[in-house]
């Protein structure tokens, strides 16, 4: 037995125990490292040393889940994303660049971009389907913003947003009014520079609507009063005709004699 198995079983058992302990420790630290290591979202490529997450051309239909909180630059261009939920980027406190161009975004949840930190320096929403936007969606971000190539409906809310955002100068003329009657197809910035004020137009429209509403209400009151008076007059005439149609009371013989004799 010693010739075939020259190593003593006790020594083998001791070495096997050490080997088993090392294997367990390796598995434990591997699992711990795998749990602690940041995970990259599916269909994305992450570069950890630069904090870049590339999700471009990934056929995404929504903002991917599991974006690492250490992300500095997030690329979501050329996908099929339609909306941005309110809490989509709330955990990305170190984000500096957010690229969302060439998607199908047509709506922003209230405060959708409000959670982006003060470190944000680039926000690209160009080449989407946005028609309406206001300051509530963007919050207080001071990032350089791209909004061109969207079918904008120019109104007071968009005008106020334009005055608030830090728009990229070389792309600002690409913000075109697509649904505003005589101003369709014109640059919003050029319209504002020419003296067009959508907020005053909106106030005038509101005032006219209020006047029309008051006139309609006053007209309805007059019609009701006239109807009420005529209805009462008709009722009064019917009542008088009814009284006239009643037979007069007959006089008794005693009453006739008294009247004729004067007693």
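Each Cβ is built from the backbone N, Cα and C atoms, and glycine gets one as well.
Automatic prediction, not curation, is the source of TrEMBL annotations.
The list of residues near the domain 'LRRNT' (39-73) in space but at least 6 beyond its ends in sequence, with Cβ under 8 angstroms from a Cβ of it, reads 79-85, 88-89, 91-97, 99. Taken from TrEMBL, the feature domain 'LRRNT' applies to 39-73.
The domain 'LRRCT' annotation in TrEMBL covers 150-200.
Residues or ranges marked as transmembrane segment by TrEMBL: 208-229.
Residues of the domain 'LRRNT' (39-73) grouped by DSSP class, helix first, strand second and coil last, total 0 helix, 7 strand, 28 coil. The DSSP breakdown of the domain 'LRRCT' (150-200), given as helix, strand and coil counts, is 27 helix, 6 strand, 18 coil.
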